[in-house]
């Protein structure tokens with residue numbers, strides 16, 4: 001499976017590159033015709049400008065979240081919903097039917113984000129502590145890896161944007177299909193880049209937490225690229241899907257509660273399915289993929305089993321690291337949407353909707369890549385602790401939090 005997924009990944013990179021080049025050339029040919037209404041000088045600048053904004057803001061946000069986690073968490077959860085609401089207002093101002101639908105969804109989403117922020121606010125202190133203690137001594141050359149990852153994502157995103165512009169110039173039904181395919185492969189590729197960094201950093205930090213050993217980050221990265229790429233490709237395709245199912249199951253169970261027997265039964269069944277899936281496909285499995293060279297499903301099962309043995313599942317369920325990274329991605333994506341969408345609205349209103357959508361994708365994924373190393377450090381900390389809770393490498397952060405959760409449940 002790992003060889004198959006690795007083969008598929010590299011083949012899709014080659015095929016998408018050929019497709020983008022063809023679409024770009026065809027797009028400029030179409031734009032040169034006087035009968036064509038596509039204006040590349042008004043379509044590309046807003047989108048490429050928003051991509052540049054994504055790189056700059058993502059790096060600044062990564063720097064802030066490392067040096068001041070407490071403030072970063074508060075900003076992400078409090079300002080993120082406001083930015084999402086601003087995106088909704090922008091789409092309503094654009095005025096076309098698709099924009100009105102997107103704007104409505106964005107405003108509803110901002111309300112949901114605000115309610116979620118109010119619900120998880122008591123967890124902010126622990127989220128700050130676990131982020132601080134796990135990233136206090138980052139691996140060597142971490143900043144270099146982050147910068148190179150952001151630059152790689154920017155170059156790749158800008159390259160695909162040229163192809164999307166070429167498809168937009170023709171605007172046929174087949175071109176719409178090409179755009180969808182490009183966006184899907186872009187999503188997978190960005191996940192692979194993010195998880196390559198994730199596996200590399202989590203391996204280095206695990207060795208430090210578990211053994212007190214320092215490992216060369218470049219060697220870890222070389223091993224990841226040469227020997228673990230197939231496993232990372234599998235995980236990159238599986239984890240987002242299973243993570244969405246698991247998150248929705250938890251939300252459904254919290255909302256339904258025990259008010260209706262039928263709904264509770266459905267929610268419980270869905271929750272059991274999600275619990276089974278998360279056992280064999282979770283982001284913490286990437287730690288064992290890097291450290292022990294395991295298959296992704298086996299690594300996920302082993303790490304989840306370690307969490308169960310150490311009775312850390314309630315703590316993992318309440319951890320805000322993943323939510324913080326998600327909210328950060330949404331915030332940066334919203335900023336890029338506001339940059340690109342407002343620019344396009346000012347110079348060519350008909351381009352504003354699509355430009356703002358593509359800008360959000362770019363901003364979201366580049367931010368997730370920039371924050372991958374911090375999330376990897378937290379995952380390595382949890383996995384290493386679950387395997388040896390008595391190690392002197394750990395302070396009282398997790399035991400104190402477990403006691404707080406037990407007291408809350410007992411009350």
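Each residue, glycine too, has its Cβ placed from N, Cα and C.
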The annotated transmembrane segment range in TrEMBL, which must be one of 43-61, 214-232: 43-61
Among ranges 300-322, 323-345, whichever one TrEMBL labels transmembrane segment: 323-345
Of 7-31, 100-121, 142-164, 323-345, whichever stretch has the most CB pairs under 8 A to the transmembrane segment (357-384): 323-345
Recorded stretches the transmembrane segment (7-31) and the transmembrane segment (142-164) touching, at least 3 CB pairs under 8 Å: yes
Closest-packing stretch to the transmembrane segment (43-61), where packing means Cβ pairs under 8 Å, from 100-121, 176-197, 323-345: 323-345
Distal contacts, the transmembrane segment (100-121) - CB-CB under 8 A, six or more residues away: 77-78, 80-82, 84-85, 87-92, 94, 320, 323, 327, 330, 353, 357
Contact ranking winner - 73-94, 142-164, 323-345 against the transmembrane segment (176-197), Cβ under 8 Å: 142-164
